[in-house]
Amino acid sequence: MEAEIVNVRPQLGFIQRMVPALLPVLLVSVGYIDPGKWVANIEGGARFGYDLVAITLLFNFAAILCQYVAARISVVTGKHLAQICNEEYDKWTCMFLGIQAEFSAILLDLTMVVGVAHALNLLFGVELSTGVFLAAMDAFLFPVFASFLENGMANTVSIYSAGLVLLLYVSGVLLSQSEIPLSMNGVLTRLNGESAFALMGLLGASIVPHNFYIHSYFAGESTSSSDVDKSSLCQDHLFAIFGVFSGLSLVNYVLMNAAANVFHSTGLVVLTFHDALSLMEQVFMSPLIPVVFLMLLFFSSQITALAWAFGGEVVLHDFLKIEIPAWLHRATIRILAVAPALYCVWTSGADGIYQLLIFTQVLVAMMLPCSVIPLFRIASSRQIMGVHKIPQVGEFLALTTFLGFLGLNVVFVVEMVFGSSDWAGGLRWNTVMGTSIQYTTLLVSSCASLCLILWLAATPLKSASNRAEAQIWNMDAQNALSYPSVQEEEIERTETRRNEDESIVRLESRVKDQLDTTSVTSSVYDLPENILMTDQEIRSSPPEERELDVKYSTSQVSSLKEDSDVKEQSVLQSTVVNEVSDKDLIVETKMAKIEPMSPVEKIVSMENNSKFIEKDVEGVSWETEEATKAAPTSNFTVGSDGPPSFRSLSGEGGSGTGSLSRLQGLGRAARRHLSAILDEFWGHLYDFHGQLVAEARAKKLDQLFGTDQKSASSMKADSFGKDISSGYCMSPTAKGMDSQMTSSLYDSLKQQRTPGSIDSLYGLQRGSSPSPLVNRMQMLGAYGNTTNNNNAYELSERRYSSLRAPSSSEGWEHQQPATVHGYQMKSYVDNLAKERLEALQSRGEIPTSRSMALGTLSYTQQLALALKQKSQNGLTPGPAPGFENFAGSRSISRQSERSYYGVPSSGNTDTVGAAVANEKKYSSMPDISGLSMSARNMHLPNNKSGYWDPSSGGGGYGASYGRLSNESSLYSNLGSRVGVPSTYDDISQSRGGYRDAYSLPQSATTGTGSLWSRQPFEQFGVAERNGAVGEELRNRSNPINIDNNASSNVDAEAKLLQSFRHCILKLIKLEGSEWLFGQSDGVDEELIDRVAAREKFIYEAEAREINQVGHMGEPLISSVPNCGDGCVWRADLIVSFGVWCIHRVLDLSLMESRPELWGKYTYVLNRLQGVIDPAFSKLRTPMTPCFCLQIPASHQRASPTSANGMLPPAAKPAKGKCTTAVTLLDLIKDVEMAISCRKGRTGTAAGDVAFPKGKENLASVLKRYKRRLSNKPVGMNQDGPGSRKNVTAYGSLG
C-alpha cells in the first residue's frame, strides 16, 4: 500500500487562489458573447419592455448554480462530468447525452458563423453567403495552428484571449453608458403563452448545456495540483463564477433596457439583424461598432472552438465512444453549423437570419432539463461526492431550478401545439421561410426532450442502486448468519438427541479399551519457579492443529450457533433457604437472554471430518515428542508475527508501519470475522449510539458498569452473613490469597512426592464404570497432552482449580468433577441413583420394602434417605488408621463436592432429614450430592465391586456413606471467618476422623492458610451462595426460590462473564489471532491477553483430550472461574475488554485500506462508545492477574525453530502503562491522518464511491470519540494496587 507524501506549503494569497478558479470560467463565459444571446435579449426587451428583467435575473442565478455545480463535481471527485456520467449511466443513456451536448455545440457555432458573416457584410459589404463561407474557413485555420502548439501553450493563449475579450466586452458596454437606467415599470405577473417564446429564448441565451462539460473538464485540470482543501476550492470557484456571470448579466440587462427604451416604448418591432446592430451602435455610442463587433465575434468564435476542441474530446470519448482527431471534430461541427446558415441565407435573407438566431436559443433551452438531471443527481449523491455533496439548501435550489426549466418547457410546448398566441400561429403558418421547418423541428425536439427527461428521471445512478442492493444483500446475509432458522435448530437438536446414546456407548467402549491396554507410569509433577511469567504465553498450534483451527475459524460464523431454545441454561445458583412463604417462590419458566451465548456452545460437528481428527491426533503425538526435546524455558509469546502467510522476511517483531498483512497478521476474512464477533458481543450490551440496550438495562447491567461497581467489589470482603443476603458466598481464604501466593508456599509445593504418597485428592485412576455420566465427567477434567493416557496427570493445574499439589509417581488419572450442562443431565443422575439403590438393595444394606415405600420420590431423594438410614444404623466406620490428617481450612464449597475422602465417624444426622425435607430450587443442575461418593469410589485402584472394600486392595477403607451426617457440624461456623483460622481446624485436630483421608505435605510457612480455593463446581456465579447442607437434596424440577434483588447483579455478572468467555474463544480461533493478544500495550490490554492465553490453553487441552477418546458431540464450556477476593473475573474485566477492543480496532483502522472493513470497524466503534464512560470517566484501579490466569510452565510450549536459523523475534515486554484518554486521542489522530491519505483508483466504484463514504463514516465516529474522550480527564490509577509501581502478589510471581 503506497503512502502519499503531503507537502505543507505556505498559505496562498487571494489572487493565487483565484486564478485556478477563474481560468475555467473565462473559457466558458466567452461562449456567451455571440449574436444569438444579443438577439434574444433585444427581442425580449423590444416586445415586453421591463417585464422580463426579473426573470432574466433568475435565469442568470440558475446559470451560476449550474456552472458552480459542474465545477464542484470536478473539484471534489477529481473527474469531469462526462466521465462520471459514463460510469453512472448505461450505454444508450450516455449516447443520448453525448448527442445532446454535440447538438448544443453546433447551435452555438451556428450563431458564431452567422454573426461573423454579418460583421463582414457591414465592414466590407460582402454578401451574406460569401461571409458565411469566409467565417467557415477560419475554423480550419486556428485549430490547425493550435495543433502545432503544445497543449499548455494553446490553453494559455486561449485563456488570456478569453479574458481580454470578456474584459473589453463588459467594460465597453458599461463604460460607454453615461448612466445605466435602472427603471423597471413592472415585472411579469403571469406566465402566459405570449411570453413563453421570449422566455425560452432568454433561457437558452443564459445557460448553455454543453458548457457544463467544458467547465467541469477545465476546473478539474486547473485545480488537480492544488494543495488547498476541497471546500476552499469550491468557494473560490463559486466566487469566480458569480463575478464573471454577474458581468455578463449586466451586459444582458443593458441590452434589454436599451431595446425596451428604443423599440418597446415607441411601438417598433425588430424584424432584421441590422435593426439589432443599429441598437448596438446606440449602446456602444461609437462609430467603430462594426470593427469592435467583428473582432469580438472572431476571437470569441476561435476561443470557443478551441475550448470545445479540448473539452469536447471527453464527450466524444466518454459518451459516444468515438476516437477522432480534434481538428476533424472541429471541422465536422463547423460544417454542420454552416449548412443551415447557408440554407437560411439563400431562402430568407437577413430577416430569416434574425429568426434563425432566436430559434437556436429556443432549441438550446429545450435541452436544459435533460442536461441538469445528471448534473444535480451527481452533485447530491453522497456515494459520489461524499461529505462534499451539495447541502440541503443547494438540493432545494437545484430541484426548484429543474422544475422551473421543466415547467417553462411544458408551457411552451402546450402553447406551440394548442395555443393561439401570435408566435405560435407564426410558427405553424410560417411564410417567411416558405415552409414549416421551424415548427416541425421544435415539435420533434420538444418530444425528444420530454422523453429523455422521463428516461433520465426513471434511471437511478449505478452507485446509488448498487449500494442499495449491497445493503439489502448484506442485511440478508447478516440475518442468515446471525439468526439461524427454527427449523435448522430443531433438526440439529433432534440429531443431537438421537445420536446421544450411540455416542455415549462408543465413548464408553473406547475409554474402556484404552484403559485396559494402557500401562500406568509415573510422571514428574513440577511447578514452575514463577507461576505467572510476563513474557511467557502459549505458542501457536502445530501445523496439524492449526489446520483444524482454520477449519473452525472459517466456519465459525455459520457453525457457532446458539442453543437458546434448549432450556435456556442459567447460571447454577443455590441460596440460603430459611423459612420463606409461598409468595417468595418465583417460578422462572424461561431465562431471558442477556447474551447470545449459552453455556453449551455448538461447534461444527466433526463426525464426518475424520481426516481432521486423524491429523490432529498425529499432531498431538508430534507435539508430545517435540515437548520432550524442547527446553521448558524457551517460551513463545502470543505476540508472534501471525500465520506464515503474513510474516515478513526480515523477522522483526513488534508492530511497525509496514504493510497491513505484515503488521496485523490477520487476513481479510479474519478481520471481517473479528469485527463480526465484536459487533455481536457488544451488540447485546450497547446500541450504535453507545447506550445500553433495553434488554441489558432490564437485567441491571448498567449497575455493573456504573456506581454499583464499588459495591460489587466491596461485597466480596464482607462477612459470610452479609454475603449470603447479597447472593454471594465469599471464600474464607480469599482474604489471604496474597499470602498464599508467596514463594515459600510454592517452594513447599514444588517438592517431589514419595512413592507411597498420593498425588492429590483428585488423583484417582479412571475405572470402568457402567454409568455414562462418569465417563462424561472424566472428560471434563483431563487436560493431558499425551496420546497414550500414561501421562495425563502431568498437568500442574486443573481447569480453574487453584490447588497446587505435588506430583504423583503413581500416575493416577484426574477425576476432578466439572459443571456439566445439558438437558440430558436429569436422566443421567436418575440412572446413577437407580443403579446405586439397586446395588444397595442387592447387598442387603437397604430393605427393599423400605426403598419401595418411598413412593413418588425421585431416585436421588431415595438414595439420600438410604444413606441417612445407613448412617443412623451405625454402618459408617471410623477413621482409617495409619494416615496423617491434614488440618487446613477450606473454602466454602458445595456440600456435594467437599472432602468426601475424609472418612468421618458417625455423628449427628439431624440435618439430613431437614435436607431431604427441603426441595431443590433450581433447574439448571440436578442434585448429585448423594452420588458423588459412589461415583468417585467406583474408580479407586483395584476396585472390583465399585466400592471401597478392604478385601479389594483399596487401602482398608470401608464404605463412607455417613459423610453427609456430619457435614453440618463441620461447616456450621464457617460463615463468620474470612481469612482467619477455621473452626474446622480445631475440630479436625481434636477429631481425627474429620481429617482428609489423603494427606498432603504441608509447609511450615503456610500456617493455617488453606491450599484450596474454589474448584469449578465452586465457581463464581455457579454455586457461591450455599448455606444449607440439605440444599442439594431438593428436587431439581421444583421452581427457583431466590431473592431477585439480592442475586440479580451476581447472576447478570456471571452470565456476562460467561458470554465474554465465549467471545474470547471465538477470537482465539481466528487465524492470526496471535497478533491480537500479543501487543501488551497497556494494563487492560495485557490482562485481556493473559485471559486469552489461558482460554487458548484450556481449549487446546480439551481438543487434544477429545481427539484421543473420540468426539463427544458438543464441547463443554465450564462456568466462570473465581479464585478469591483478588480474582479478575468480575465486571471490571468487561471494561478492560472494552478498552482492549477500542485499542485493537483503532490499530487495525490505522493501517486498513479497505472501505468495506472501515464500515465494519465503524459499527464496532459506535457500540464501544458505551465503554468510554466506565473506563475513563472515573478513577479506576487496574486489576492484577490472579491464579485463574496461570499457565503451568510444564505446558508452556517451546518456540518453533526459525526457518533461516535465526532466533525468533523477542517477546514484546509489557509496558505496564494504562491506556488513558490521551493515549486514545493520539491514536485517533494518527488514524485520521492515515485514512485521509487513502485513495482508491480513479474511475472505479471503489475509488469514487466506497472510499469517500468509508472515510466519512469512520471520520464521523472518530470525531465523536475525540469529543467524548477530551472530556475525560480522569483515567486509571497507575499507582493503585494493580500498578506496576507497587509490588503485589502478581508482581512478585511474574
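In case you wondered, yes, glycine gets a Cβ from its N, Cα and C as well.
Judged by Swiss-Prot topology annotation, Glu194 lies across the membrane from Leu233. From the options 13-33, 265-285, the stretch Swiss-Prot describes as transmembrane segment is 13-33. The candidates are Thr521, Thr624, Thr819, Thr1242; Swiss-Prot tags Thr819 with the feature phosphothreonine. Note on the topological domain 'Cytoplasmic' (72-105): DSSP counts are 29 helix, 0 strand, 5 coil. Between the transmembrane segment (398-418) and the stretches 51-71, 106-126, 288-308, it is 51-71 that has the most C-beta pairs under 8 angstroms. Within its own chain, the motif 'Nuclear localization signal' (1262-1269) is flanked in space by residues 1165, 1169, 1172, 1176, 1221, 1224-1225, 1228, 1231-1232, which lie at least six positions past its ends and keep a Cβ under 8 Å from the stretch. The predicted model assigns the topological domain 'Extracellular' (34-50) a mean pLDDT of 87. According to DSSP, the secondary structure content of the topological domain 'Cytoplasmic' (216-237) in residues is 16 helix, 0 strand, 6 coil. Secondary structure of the motif 'Nuclear localization signal' (1262-1269) per DSSP (helix as H, G, I; strand as E, B; remaining residues coil): 8 helix, 0 strand, 0 coil.
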